[in-house]
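Noted in TrEMBL for the protein shown:
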- D15, N17, D112, H113: Mg(2+) binding site (BINDING)
- 3-113: domain 'Endonuclease/exonuclease/phosphatase' (DOMAIN)
- N17: site 'Transition state stabilizer' (SITE)
- D87: site 'Important for catalytic activity' (SITE)
- H113: site 'Interaction with DNA substrate' (SITE)
Amino acid sequence: MKELEKSKPVVLTGDLNCAHEEIDIYNPAGNKRSAGFTEEERQSFETNFLNKGFVDTFRKQHPGVVGYTYWGYRHGGRKTNKGWRLDYFLVSECIADKVHDSYILPDVDGSDHSPIGLILKL
């Protein structure tokens, strides 16, 4: 991504399978050893994306907001909002100030993940 960024700003989106911060997961204390929330995965997310100049747009726009993008089917997580934020828009730092909004659409059914959106004003 850093190589691509040499020629143009980068927008990376998708299910990155990591709830980066404690606010990004229901019951962080009980999930410390769960795949997607291990210390190693969270550190890797920080090292390989955030420390290299990519910005988590949702967290920048909504620093204290609890918002989940994934709920497991097994225990009815969506009904009780026991979820994880695994889906992201990460952008190059050079366009982070162009982010007008980054949002989650938790009421859209049809998957164990919800859609996310990004509005850039270029």
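Positions of Cβ are set from backbone N, Cα and C atoms, glycine also.
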(request) Quick one: average pLDDT across the domain 'Endonuclease/exonuclease/phosphatase' (3-113), no decimals. (result) 97
(message) Let's see if you can do this one: DSSP helix, strand and coil counts over the domain 'Endonuclease/exonuclease/phosphatase' (3-113), in that order.
(response) 37 helix, 24 strand, 50 coil
(request) Write out, in the order they occur in the sequence, the residues of the chain not among D15, N17, D112, H113 that have a C-beta within 8 Å of the mean position of the C-beta atoms of the recorded Mg(2+) site. (result) T69, Y70, L86, D87
(message) Using a 10 Å cut-off on Cβ-Cβ distances across all protein chains shown, tell me which of the binding-site residues (D15, N17, D112, H113) has the largest neighbour count.
(response) H113
(message) Within its own chain, what residues at least 6 apart in sequence put their Cβ under 8 Å from the Cβ of D87 (site 'Important for catalytic activity'), listed in sequence order?
(response) T13, G14, D15, L16, T69, Y70, I104, H113, S114, I116
